[in-house]
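As written in TrEMBL, here are the features:
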{"type": "SIGNAL", "residues": "1-24", "note": "signal peptide"}
{"type": "DOMAIN", "residues": "115-205", "note": "domain 'Ig-like'"}
{"type": "REGION", "residues": "241-262", "note": "region 'Disordered'"}
{"type": "DOMAIN", "residues": "303-449", "note": "domain 'Fibrinogen C-terminal'"}
Amino acid sequence: MNHLASCIFACTLFLWCILDEASAFRWDAALRQRSSLSVCEGQNLTIPWAFQLDPGEKAEVFEWQRKYGLDAALTITISEVKDSGTYTVIASITNAKNKKKKYTHTVSVLVLVSPATSDGRMHVAMLPEPVIVGSGTEVDYHARLSCGTFKNLGHPPVTVVWTLPAGVNMASTTYQNGTFYFDVPNPVVSGLYSCEINSTDPALDCVDRSSDLKVGDSVFLDGTDIQLKLMNHKLQAERNVRQGKLEKERQRQEGLESKLNQESKKLKDLETKLRHEQSVLETKVDQVEKKGNGFSDCKEVQGLKKMHWLTSSKKFSLRIDLTDFHGKTAYAKYDSVSIHGPRHGYKLVVSGYSGTAGNGLMKPVRGQTLKWQTSNNQPFSTPDHDRDYCSCNCAAERRAGWWFYYCAQVTLNAPYTHKEVSDVNRLVWYPWKKWKTLKATEMKIRPKE
Ligand SMILES: *[C@@H]1O[C@H](CO)[C@@H](O)[C@H](O)[C@H]1NC(C)=O
Ligand SMILES: *[C@@H]1O[C@H](CO)[C@@H](O)[C@H](O)[C@H]1NC(C)=O
Ligand SMILES: *[C@@H]1O[C@H](CO)[C@@H](O)[C@H](O)[C@H]1NC(C)=O
């Protein structure tokens, strides 16, 4: 700021002070500047403006100004909430020297409205259902009290104060549609719980002196009883949660079961299909065998087929028991036995001999003529299917189906003799009895463990 400007500012201030001192205008102290007044709805409020003048001074014009309007009277009639606001009066004064000056004064006015309930009283009650506070595992149950029912909360809106048995005051937990709610702290203390309009609420000034709204209401709570009820609720809720979980698990299992059923049905269908295909294939194989150089379906061949099927599914051992006409016995055991399929002419394959009868199926006894006489690894020959290596027909000569090579040193299928004779074409086991016939023979197979 330069010197000239500050000089003008100071001089103006000085002049103002002189002028002000010249007037004796004073506002009356009864209503101080910027004070607040309140009035109940429907009542008239007079704002008692007053001032003193010096002799020679006269008040010329008075203006009433409201925050949002203009009025021209000293006493105003206020009856509605919308009349609330700041009021200003302006006095225009002319002094003895005919100098004019304006003086202003303001006051704020609040129009109060009494709260009202549906029946002119307040009612406190406990809700039948507790409220759930918190979430997840931190859930807690509280008894909830209601206080109401307000048709309107007045102006400015009132709130209520709850008083607990211990005398503590607390605010409401929530308010909804004319009713204040209070969630009783746990553990619930037995005693009176009361609800009153907050005594500092200005709107209470407009409530009739005899009105029950000044009194409020209270309810007696039995702490033990309520605590039990809350516990029951909690248990029930937990039970519901558990049942919900169980139900979910049950549905999940049902889903799994139905899936399993579908899968097993698919498998069954597949199995049926495979069986059918297998039977078709078997029929075809049978037809090929009958047509080709296979065996006819005599009893022996059927037996061989079975043996083939058995020994190809599992490992089997073979035991042969022999009895001569003197009652003596001997045996030959083979650790492993298998009969090959029709394409291999039901070839016999044995191994792992032990026993007392001699290794008749595998080991040729000494002597040149017997050199080729093992049955091991030989196909099965019958009189009409000669598969041996002899220029003769071993099966026809011996009248027996057997695994012949250059014929054989043992033949257990040859015709029976009722007494001991020496005959190469009969029931014989050369390593034990040479060509003497046997009284009884047995071939048994059994699955190996
Ligand atoms: C308020 O003032 C008006 C106008 O002077 C008057 O008609 C009315 O009766 C008054 N009301 C009360 C409640 O005094
Ligand atoms: C009552 O009202 C006053 C003023 O609004 C407030 O300060 C006080 O907290 C209220 N009391 C309760 C218990 O709400
Ligand atoms: C509020 O309360 C009134 C009367 O008590 C009732 O008629 C109205 O349906 C309530 N409204 C809601 C939203 O609860």
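Each Cβ is built from the backbone N, Cα and C atoms, and glycine gets one as well.
Automatic, uncurated: that is what TrEMBL annotation is.
The model shown is predicted, which means the values in this text are computed figures rather than measured ones.
Residue counts for the domain 'Ig-like' (115-205) under DSSP, helix first, then strand, then coil, are 7 helix, 42 strand, 42 coil. Secondary structure by DSSP for the region 'Disordered' (241-262): 22 helix, 0 strand, 0 coil. In the domain 'Fibrinogen C-terminal' (303-449), helix, strand and coil residues by DSSP number 26 helix, 47 strand, 74 coil. Averaged across the domain 'Fibrinogen C-terminal' (303-449), pLDDT for the predicted model comes to 87.
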